[in-house]
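Here's the structure we're looking at; comments come further down.
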Amino acid sequence: MDVTIQHPWFKRALGPFYPSRLFDQFFGEGLFEYDLLPFLSSTISPYYRQSLFRTVLDSGISEVRSDRDQFLILLDVKHFSPEDLTVKVLDDFVEIHGKHNERQDDHGYISREFHRRYRLPSNVDQSALSCSLSADGMLTFCGPKVQSGMDASHSERAIPVSREEKPSSAPSS
């Protein structure tokens, strides 16, 4: 039986479990070399590993919480203004769309666009939905839940995005 022995320099850091930023929520912030060729980081040195914690922090926040009293969506949209964002409810779904036209940044010109669609729980009071954008770019979509005996109405309507002057105090989970 032949066993192939690989030098540790050619092993990929954490193998298939190594998180890739390629499809994360970056909205055009640029790619690093390790995003396209993640195995190169481990070929430099057998002891070099890209920080997993930094990768998680760099990915922005996209969190959905649903507890007994409310439904909450936290979405990092720091590159968009309230005018660039559209939030609407269609039946049992909330759709969040962000788009800004081409503008200049440090590296040239860039335009960004994203679509997110979330299913609302059936017991969310759709008449009391709210959406706000904090000063640090955190979009908060919130809806209280109704008692199980009450029925929430389902139709299409737009939810205005209000701007808050203070940064978000999004609790980490």
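Just so you know, glycine gets a Cβ as well, placed from its N, Cα and C.
Taken from Swiss-Prot as is:
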- H100, E102: Zn(2+) 1 binding site (BINDING)
- H107: Zn(2+) 2 binding site (BINDING)
- H154: Zn(2+) 3 binding site (BINDING)
- 52-162: domain 'sHSP' (DOMAIN)
- K99: N6-acetyllysine (MOD_RES)
- N101: deamidated asparagine (MOD_RES)
- N123: deamidated asparagine (MOD_RES)
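N101 (deamidated asparagine): 9 other CB atoms within 10 A of its CB, across all protein chains. The most densely surrounded of the binding-site residues H100, H107, judged by C-beta neighbours within 10 angstroms, is H100. The average pLDDT the prediction assigns to the domain 'sHSP' (52-162) is 84. A Cα-Cα distance of 16 Å separates N101 (deamidated asparagine) from H107 (Zn(2+) 2 binding site).
In the three-state DSSP scheme, N101 (deamidated asparagine) is classed as strand.
Within 10 Å of the C-beta atom of E102 (Zn(2+) 1 binding site) sit 9 other C-beta atoms, taking all shown protein chains into account.
Of all the modified residues given, namely K99, N123, the one with the smallest number of surrounding CB atoms inside 10 A is K99. Broken down with DSSP, the domain 'sHSP' (52-162) shows 13 helix, 60 strand, 38 coil.
A Cα-Cα distance of 46 Å separates H107 (Zn(2+) 2 binding site) from N123 (deamidated asparagine).
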